[in-house]
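Peer 1: Per TrEMBL, the features are:
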- 8-333: domain 'Acyltransferase 3' (DOMAIN)
- 34-53: transmembrane segment (TRANSMEM)
- 73-95: transmembrane segment (TRANSMEM)
- 131-152: transmembrane segment (TRANSMEM)
- 159-175: transmembrane segment (TRANSMEM)
- 225-242: transmembrane segment (TRANSMEM)
- 289-309: transmembrane segment (TRANSMEM)
- 315-336: transmembrane segment (TRANSMEM)
Amino acid sequence: MAKPSYIPSLDGLRAVSIALVFLSHVGFGHVVPGGFGVTIFFFLSGYLITTLMTREWDQHGSIAMRAFYLRRIVRLSPPILFVLLVSALLVWAGWAEGRLDIRTISSQIFFYYNYFSLYAPDPATVNGLGILWSLAVEEHFYLIWPTLFILLVNTRFEIRYLLVLLMAVVVWRAIRVFGLGTDEWTIYISTDTRLDSLLYGCLLAMLTWRGHADRLFGPSLPVRLVWLGGAVVALLVCLSIRDETFRSIPRYSLQGLALMPIFHYAVTQPSDLWFRPLNWAPLRKIGQWSFTIYLIHYVIIEALIYSGFAALGDWTLVVTSAALSAAFAAATYRWLEKPFHPLRRRLTGH
């Protein structure tokens, strides 16, 4: 029997992630860790896609690669192209600042903007679209993960090899920092140095699939409190240490490890007091819209600032940009994304 497709708490975690990113961009970046919000998105993506792949493997004994990539195209392309079009129109109308460069737009459409923004001469874009680097990281992961998943599963030692891969990414970050002198920003947005933020989500999904997660984390309340307390302490340590070497090398590993028990309990114990809000209808709705909110919110913030709206006060900017971002995302979901849902469901490949 197929397992239910809905996974508790994930939409709420998406809402928390987008809230962190939004608040950091709207003027609270000195107190709100927007980068950690992106890391949560990465972890969630790895966890969700691997969970779905394990279910497909259990049901069919294979992964339909063509259908996998078609689903990604159908899921991502409509809102991305629409946001790029709206951003261009805002610049042409004089309501937003930035330059329209076909090279940059191509890198954003075809998901290599993270490296393009680092190494291309004068990578101009519309103010607010710089966040599209993170989509490039995710799509690079999606390019390799289905094949890697099949190879790992066929070895019967997938968790062991996945741990080796996670350690290899940390070693590579250290080589880039100490051996190549790579700066913190380059480490932050490069696929080769951020891949493990998604792989920790994959690891949790693999552990759950093989029945190890329940044994590792345990269902009893005292055990849950110990794991969650340790996770919170680890995250606070990551946020408090400002040393560039720490932030470039072990930070993402510690965050990934800390998110594992949090996600496990959020999914398996959604009625716990601290996870219950993640399943409230308003947060679930925001989580449903989170992808488009992520795409458009910074463009809206920058456009409002450019038009002088920020002069009305910080909280006016916060409320207005939040309302416009949510309204844009709701409309996009209703009239652009939702019509493609039946097609995505038909793309099973089996």
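Quick reminder: no glycine exception, Cβ is built from N, Cα and C everywhere.
Give me the structural setting of these features: burial, nearby parts and distances.
Peer 2: Tertiary proximity for the transmembrane segment (73-95) is limited to same-chain residues at least six positions away from its ends with a CB under 8 Å from its CB atoms, namely 105, 108-109, 126, 128-129, 135, 139, 291-292, 295-296, 299, 303, 306-307, 328, 332, 336-337, 340, 343-344, 347.
The list of residues near the transmembrane segment (225-242) in space but at least 6 beyond its ends in sequence, with Cβ under 8 angstroms from a Cβ of it, reads 33, 36, 217-218, 251, 254-255, 257-262, 265, 274.
Among residues of the same chain six or more beyond the transmembrane segment (289-309), those with a C-beta under 8 A of the stretch's C-beta atoms are 11, 14-15, 17-18, 21-22, 25-26, 41, 79-80, 83, 86-87, 90, 95-97, 126-132, 316-317, 320-322, 324-326, 328-330, 332-333, 337.
Through the fold, the transmembrane segment (315-336) approaches residues 22-23, 26-27, 78-79, 82, 86, 286, 288-290, 292-293, 296-297, 300-301, 304-305, 309 of its own chain, all at least 6 residues removed from its boundaries and within a Cβ separation under 8 Å.
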Peer 1: State the residues, same chain only, that lie 6 or more residues beyond the ends of the transmembrane segment (131-152) and have a CB under 8 A from a CB inside it; answer 'none' if no residue qualifies.
Peer 2: 21, 38, 41-42, 45-46, 49-50, 53, 62-63, 65, 68-69, 72, 76, 80, 107-108, 111-115, 117, 158, 161-162, 189-191, 194-195, 198, 202, 294-295, 298
